[in-house]
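Below: one structure, written as structure tokens.
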Amino acid sequence: MSQILQLSFSSTSTGLSSSVKMKGTAKRPFFFQILCSSSKHSSFKDEDDDNVNKGFDDDSFFAYFVLNIVEKDRGLSRVILVERYSNGTAKRYVVDDDSQLQTFLFEEDKSTTNMLQDSQRLSWLPEIIKDFILPAGFPGSVSDDYLNYMLLQFPTNVTGWICHTLVTSTLLTLSFIIDYYTKPSLLIVNSILLNFFNGFTCFVAVGVGSFSGSTAAASAAAIRWVSKDGIGAVGRLFIGGRFGNLFDDDPKQWRMYADFIGSAGSIFDLTTQLYPDYFLPLASLGNLTKAIARGLKDPSFRVIQNHFALSGNVGDVAAKEEVWEVVAQLAGLGLGILILDTPGLVKSYPVLLSTWMSMRLLHIWLRYESLSVLQFNTINLKRARILVKSHVLHSTVPGCKDCNREENILTWPQFMKPEIIFGLPLEKMNIERSHFMVKAFLKLYAHEKYILMVNQQQQDLRFHVSFKVGATSVSVLRSVWQSFWLSENWNREGNVCDQLGNSLMELENKFEDFIQKLKVAEWDTQKLNLKVPKEILIDDINPL
């Protein structure tokens with residue numbers, strides 16, 4: 001990591017003086033840069049380190065250090081103002097002992113490097129285009145991962161619309177449109193109508209009402225289509241009402257699962273061509289599945305948009321995302337026209353299916369890549385496991401970038417090792433029914449808002465955790481830390497209570513250090529996405 005300190009001075013006969021022209025004095029300014037570099041090393045330092053006390057990270061400290069050297073060498077006395085720019089740089093206006101004004105251009109924080117890189121990557125774009133597709137104040141108004149995500153999101157959406165076009169052509173073919181429209185490219189026009197007008201309007205547009213000669217046939221077709229959409233709406237209703245509390249914890253995982261489920265829905269639609277007699281149930285299942293996918297996709301992406309909006313500009317971020325989405329939609333539909341115009345593609349079902357499969361696999365891979373570049377600084381259960389494991393084993397905490405890269409988007413926390421089960425009743429935690437054992441555990445965990453027990457009957461250790469009334473997200477994090485310490489230091493031949501007591505002593509001694517290192521690594525310790533199960537809570541009325 002490097003820091004660049006640019007200083008501007010003016011040359012006079014007597015040496016260096018201000019780069020700002022004073023009245024009656026003509027000076028010729030010149031510029032030079034000081035490049036400060038630091039080798040990669042641990043960013044977790046003791047609290048008494050000078051750079052931590054001053055609120056700097058490792059890289060910013062070097063720029064600060066050089067700036068102080070220059071100031072002391074020049075006899076600078078005070079900074080009168082700091083001019084900060086949206087790209088993360090700032091300019092100091094300093095008055096020295098000779099009452100002359102000098103300026104120092106420097107980078108304020110370590111994220112500035114990413115901001116400058118983002119600006120340079122788009123330097124070839126005209127400003128009017130940047131203002132049209134990027135949030136105001138970019139890159140300073142959004143998170144560092146915004147541009148990388150959007151650049152990968154664009155081809156993801158393009159391939160998604162190509163798949164949508166191929167699936168829609170299959171449904172329209174079954175609605176006996178191919179008999180009237182013999183040119184395959186016109187099918188895409190109807191798919192656009194289907195997307196923008198929906199339901200009955202689509203059937204009128206494609207000729208069921210105008211060319212079938214039968215009002216009854218048009219009504220039956222409309223009823224089938226609307227019934228299909230109605231069944232799909234039930235899926236979104238169920239997802240929003242039942243699983244609304246899941247998306248804040250792991251939006252990347254749910255956004256990825258939404259694509260998997262949406263792919264399954266498209267498969268139902270594609271099979272309608274193999275079984276035309278079952279068009280309504282198959283199309284309804286497809287719509288239901290895709291509606292469930294949309295119910296997972298929309299709230300997950302809202303969380304991602306909030307993550308991007310560093311300046312509270314959620315509306316601006318959402319509006320610009322819509323711009324990218326519409327451009328991708330138009331590009332996807334245009335490519336769909338070219339694919340459907342390929343001779344023999346529409347009439348050959350195996351070719352159509354293989355084309356859709358290829359595009360869908362590419363779409364899913366691009367989706368995974370786009371979600372992998374996200375860098376959340378909030379702590380959910382999966383990231384908590386990574387952070388705790390690093391601290392227990394190495395007494396260090398990885399930064400947001402490294403931890404998010406290590407996080408497995410597809411894995412459920414329940415299947416990660418060591419296995420931790422939250423919210424169990426005491427009777428299922430292998431605690432003996434003897435009141436002596438119950439008293440011992442209540443006394444052992446008197447100062448904690450949870451009770452943790454180890455189940456060592458299986459080959460791998462399993463940790464059971466029950467929470468007390470008043471438990472918070474910090475209580476969940478403490479139980480995870482204790483579980484990992486026990487997992488690394490467990491002795492199957494040792495006394496259970498003694499080992500639990502030792503783990504609590506280690507927790508008491510090292511957990512505060514863990515929190516401090518999280519803060520140094522710029523994790524948000526004030527907002528932990530670690531929910532306490534509310535189904536069962538222990539009310540410790542008379543602690544022993």
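Cβ from N, Cα, C; glycine included.
When the ranges 49-76, 245-272, 497-524 are checked against TrEMBL, the one recorded as coiled coil is 497-524. Residues of the same chain lying 6 or more positions beyond the ends of the coiled coil (497-524) and with a Cβ under 8 Å from any Cβ of it are 43-45, 47, 52, 57, 377-379, 387-388, 391, 395-400, 440, 444-445, 448, 452-454, 478, 481-482, 485-486, 489-491.
According to DSSP, the domain 'Root UVB sensitive protein C-terminal' (400-531) comprises 65 helix, 18 strand, 49 coil. Taken together, the residues in the domain 'Protein root UVB sensitive/RUS' (121-393) have a mean pLDDT of 81 on the 0 to 100 scale.
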